[in-house]
């Protein structure tokens, strides 16, 4: 009889493998982060690149044109907000003084409204202020500490993207040759699904970010908020971080508005950010992004937290695409279907007298594609 491996041995092997993978991801951060960003950008740029190649344009020229267009879009965005960034940097000392003046006014108002002693209010506000500033300083310190690595990434990502576009046939061929011929249909399925999911997810995020930035900018402009465009871009970018990003965006928007506008405007800013987030969560996200990536909330939060611990701010943005890629792989391999199921957002409702879980085994259909070129179309 064929002996099966004991459960404790399989469990120890699984945990050891996961630990080694996480350790490798942490050690190789400086290599993996720009490479994954470049891979995501490459998948999006493959569409216009393939179009140019079908019209007899050399692959290298098509890759350069697509890359230049992408860089132009990014620099155009920074050009429009650069003036507000410069003004914000120059106003930082003034903003700090206005923040402390506002805290002093708040202290006097609390004193008068609740008839508290000045020492009690002062101690409470000093404690709250020190905690808030400590967290804000830590956040800013983490942000500024990544500036140096970000500059390096800005050089590496375009280079990696160009090379991935140039050698994408070779990479696909390598993946196909790495497995036996009987597993070729599964590899084709994984590659096709990965391309479709990642491309739809990235394009959907771009559309979502544009709509959110527009809504925030219009709302802040109506309220007369200073740095409306800069704050709109910050909120739109932080909103891409699931669940945690919107709270950071709300805190930054309220703090900056508190030091540059009237107190009544702060409430309006909070309402605009919260309402925009509700519209985004209930209408935009399910329609634009949710149909492409279906990951449950628990895995999303854990992934974002783990990504931040491993790769910092970059890991928070890359967590969802990486989890989506893993789900595609798990769903396509019979022995890993359980892992794909736990990552998904399928809600199983139990009924009296019936089993709580009813998991149907998925049958993988062989992909129709049989050549490397079909994977890119």
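Positions of Cβ are set from backbone N, Cα and C atoms, glycine also.
Range 262-279 is the one annotated as transmembrane segment, of 118-135, 172-189, 262-279 (source: TrEMBL). Between the transmembrane segment (150-167) and the transmembrane segment (262-279), the number of CB pairs under 8 angstroms, six or more residues apart, is fewer than three, so the stretches are not in contact. Only pairs six or more apart in sequence are counted, and the transmembrane segment (32-49) with the transmembrane segment (229-255) gives fewer than three Cβ pairs under 8 Å, not enough to call it a contact. Only residues 6 or more beyond the boundaries of the transmembrane segment (229-255), in the same chain, are considered here, and those with a CB under 8 A from a CB of the stretch are 77, 80-81, 84-85, 88, 99, 136, 139, 205, 208-210, 212-214, 216-217, 220, 266, 269-270, 273-274, 276-277, 280, 297, 300-301, 304, 316-317, 320. Sequence-remote contacts of a segment are chain residues at least 6 beyond its ends whose Cβ falls under 8 Å from one of its Cβ atoms, and for the transmembrane segment (201-223) they are 40-41, 43-44, 229, 231-233, 235-237, 239-240, 261, 265, 268-269, 272-273, 276, 279-280, 284-285, 288-289, 292-293, 320-321, 324. Outside the transmembrane segment (299-326), and at least 6 residues removed from its termini, the chain residues within Cβ reach (under 8 Å) are 22, 25-26, 29, 32-33, 36-37, 40, 142-143, 146, 153, 194, 197-198, 201-202, 240-245, 292-293, 339, 342-343.
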